[in-house]
């Protein structure tokens, strides 16, 4: 006698009206900055002949993924705040599970590819044109999207096998597959297997990042020139900052076992990788990058 839920209720951050207004304005500002920064980065990379290296090709794809990730989540929060309605239809929730799962894993492997790119550039500069050729970069980026697509399809299959009868309230601001599994009244064996498998997909990308930066730091420390050390560290510090924030939030959300009563920090951890990181990525990568600054100057002169 199960009546399948047709709509899910998403729990916000607070019921205090004053704080709700503050959060709405903060999220709106964050989203607008995210859109402008990532679209600006994509446009600049496509328009500037200076930014034709593999690093900027990867950065352009990362900006696109960040744009999509933020758009999947934030507008729904803003609309819910304006209308005072936090519900989401079953079909909409399934679409969000698919798209978010796809772009989340895609970003994991793009960040790993960018770490490998920096490793080759710093540790094996003579081999860089051969190893990071346009064809190789295309294959690495395509592989990242395919792995993301595989994860999105898997998460959707897992959700489609679930039934929701007793509760349809999700204690988060978007449809997260792990919370949906905990709400389900049906057999969750398949869904849990898919979730654990997809969570393990991020482990190889983390290892690539870790090994790459251990090798990079070792190589940089062996450079005798202080100027050379400073330049190498400044190039990689931005990527390492982004990676630490992104993976740290993911580890907290999906890889650390805990009970349902100890999930109080999940919402703010989710804010880090759904809103904060997409906003910070273009800023961090361009703030101390002389090539990006020069490309902006030339583009402004042309206009």
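In case you wondered, yes, glycine gets a Cβ from its N, Cα and C as well.
Of the candidate ranges 173-193, 236-256, TrEMBL annotates residues 236-256 with the feature transmembrane segment. Here TrEMBL gives transmembrane segment for one range in the set 148-167, 268-287: that range is 268-287. Using a Cβ-Cβ cut-off under 8 Å and counting only residues 6 or more beyond its ends in the same chain, the transmembrane segment (89-112) has close neighbours at 4-8, 58, 61-62, 65-66, 68-69, 72-73, 76, 141, 143-145, 147-156, 159-160, 174-175, 177, 180, 198, 201-202, 204-206, 208-209, 212, 239, 242-243, 246-247, 250, 273. In this chain, the transmembrane segment (236-256) lies out of contact with the transmembrane segment (56-77); the count of Cβ pairs under 8 Å, excluding pairs fewer than 6 apart in sequence, is fewer than 3. Counting same-chain residues at least six beyond the ends of the transmembrane segment (268-287), those with a Cβ under 8 angstroms from any Cβ of the stretch are 27, 30-31, 33-34, 37-38, 40-41, 59, 62-63, 66-67, 69-70, 73-74, 104, 172-174, 176, 238-239, 241-242, 245-246, 248-250, 252-253, 293.
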